[in-house]
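Asker: Below are the features I grabbed from Swiss-Prot:
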| type | residues | note |
| --- | --- | --- |
| SIGNAL | 1-19 | signal peptide |
| DOMAIN | 22-121 | domain 'UPAR/Ly6' |
| DISULFID | 24-48 | disulfide bond |
| DISULFID | 27-35 | disulfide bond |
| DISULFID | 42-76 | disulfide bond |
| CARBOHYD | 68 | O-linked glycosylation site |
| DISULFID | 82-101 | disulfide bond |
| DISULFID | 102-107 | disulfide bond |
| LIPID | 108 | GPI-anchor amidated asparagine |
């Protein structure tokens, strides 16, 4: 096989591997104590991560004790929001939400997957086989 064909084949396999969307744990925005983690496929431009939502102290929160709970849960996070802090208001309560991202499929759960995606494994194996045949 000529080197141009090898390059095209390798590029196609690598493109397929990189085009895969991440699989992440998600709680559907629910608090961590009621989370039934499900595995979802994140959208284009999203990564696995965690959301940490904490209320900011105020006099209104003293009247609403349930609003003083902090929440930590896994979710898909837009890549451009990774490692950012946002201030959000819900009714009379103001929350600080920190969005942290991690790398790899299912990296935001208690049991993370360390298996190599099949497309990458196939690309490396094919390239090694093609190069050894020359």
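Each residue's number is its place along the chain shown, starting with 1.
Yeah, the Cβs are placed from backbone N, Cα and C, and that goes for glycine too.
Could you place the listed features in the three-dimensional structure?
Answerer: The average per-residue pLDDT of the prediction over the domain 'UPAR/Ly6' (22-121) is 79, rounded to a whole number.
A C-beta separation below 8 Å, combined with a sequence spacing of at least six in one chain, links residue 24 (disulfide bond) to 39, 40, 41, 42, 47, 48, 49, 74, 75, 76, 105, 106, 107, 108, 109.
Under DSSP, residue 27 (disulfide bond) is assigned to coil, being neither helix nor strand in the three-state scheme. Within 10 Å of the C-beta of residue 27 (disulfide bond) there are 18 other C-beta atoms, taking all protein chains into account.
Reduced to three states, the DSSP call for residue 76 (disulfide bond) is strand.
Taken residue by residue with DSSP, residue 82 (disulfide bond) is part of neither helix nor strand, so it is coil. Over all protein chains present, the Cβ of residue 82 (disulfide bond) has 14 other Cβ atoms lying within 10 Å.
Residue 108 (GPI-anchor amidated asparagine) falls outside any helix or strand according to DSSP and counts as coil.
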Asker: Calculate the distance in Å between the alpha carbons (Cα) of residue 101 (disulfide bond) and residue 27 (disulfide bond), and round it to a whole number.
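Answerer: If we compare the Cα positions of residue 101 (disulfide bond) and residue 27 (disulfide bond), the gap is 15 Å.
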